[in-house]
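**Student:** What TrEMBL lists as domain 'RNA 3'-terminal phosphate cyclase' is 11-323. Residues or ranges marked as ATP binding site by TrEMBL: Q100, Y282, L283, S284, D285, Q286. Per TrEMBL, the feature domain 'RNA 3'-terminal phosphate cyclase insert' maps to 181-273. Sequence annotations record features per position, and here TrEMBL assigns active site, tele-AMP-histidine intermediate to H307.
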Amino acid sequence: MDMIEIDGAAGGGQLLRTALTLSLCTGTGFVMHNIRGARSRPGLMRQHLTAVNAAAAIGQARTHGAQIGATALRFEPGPVLPGTYRFATGSAGSATLVLQTVLPALWQAAAPSSLTFEGGTHNPLAPSADFIADCYLPALQRMGVRVSAVLERHGFYPAGGGVLQVAVEPCAQLQHAVFDARGALESIEATILISGLSTRIGHRELRVLAARLGVDPSPRHVESVRPALGPGNVALVRVRHAAHVETFAGYGERGVAAEQVGERLADQVQRYLAGGACVGEYLSDQLLLPMALAGSGGFTTDAISEHLASNARLIEKFLPVEIAWLPMADGQWRVSVDR
């Protein structure tokens, strides 16, 4: 089997997950060295190992080095096998990152799949389940992917225990999609989720968001989450334009005032609104892979992150595409994917 050599020193877990996805989708194996080499704790952690094992399960892959702490991994995929799967990350390891690892290979499969992900659904270091539902899946659906997700139980950091159910149908060929203009602003809405904590925290966050962003301050936007296995708090803001939706999250932390959580979140939203580009920072690097599988696509964004740049270079190792970004006169960037 042809093997691609990858230096994982500069990247984090995302570089590994992208390599796993591309390997499954192309049938090309890889060897990654120096996994997370620049991190304070290099090597595979539990959540990374869950993604490796999930990819190996659906791709009938042979692996070498799939263990916690390993700094090198060999991954040799077989045929992708659609079906019913259950993946548990343990504690608050991100369920959504495992979903993003296996989903593209399963929409390329010949039959539907039913997936259950257990773990963190609201983790400050990963896309929230709300971001997946509001932003990521609708973007895929514009490209022709037929996928749905239901959040059965919230899983907050550090306890985790969330449950996310996903159904995916075969998609023989992705469609070209462009996310260049977000259109007129239609609404800005806030939702505060609270588990095992006083709802007063949520009301304080909401007051800040109402003052900064003009969202509805009604107490009905503060929701006590049940069931959940541990305490947690996340403030969510959905920014809906005519052609695009972005969801932003701010997480409560021990020792951080609720007002500060609200201020930080409002800062995120206002930066996006002021920038004018269609796609936010976090969605931008996640669109590259499906667009590369489609063979073309494009979007505007306000900044080129290290995640986006490293993802682009890795994708080009696996697929015959060129990913480029050019500055625009208004300070935005135009990202294009072409064969």
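Cβ coordinates are placed from backbone N, Cα and C, and glycine is handled just like the others.
Provide an account of the burial state, proximal residues and distances for the features listed.
**Tutor:** Computed over the domain 'RNA 3'-terminal phosphate cyclase' (11-323), the whole-number mean pLDDT of the model equals 95.
Using a 10 Å radius centred on the Cβ of Q100 (ATP binding site) and all shown protein chains, the other Cβ atoms total 20. The DSSP secondary structure for Q100 (ATP binding site) is helix.
For the domain 'RNA 3'-terminal phosphate cyclase insert' (181-273), DSSP puts the residue distribution at 34 helix, 32 strand, 27 coil.
Under 8 Å, Cβ to Cβ, and six or more positions away along its own chain, H307 (active site, tele-AMP-histidine intermediate) finds Q14, D285.
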**Student:** May I ask you to report the DSSP-based helix, strand or coil state of H307 (active site, tele-AMP-histidine intermediate)?
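**Tutor:** DSSP call for H307 (active site, tele-AMP-histidine intermediate): helix.
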**Student:** Here are some binding-site residues: S284, Q286. Which one has the most Cβ atoms within 10 Å of its Cβ?
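**Tutor:** By the 10 Å Cβ neighbour count, S284 comes out on top.
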**Student:** Restricting to the chain of Y282 (ATP binding site) and a gap of 6 or more, list residues whose Cβ falls under 8 Å of its Cβ, or answer none.
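**Tutor:** Y282 (ATP binding site) has long-range Cβ partners P127, F131.
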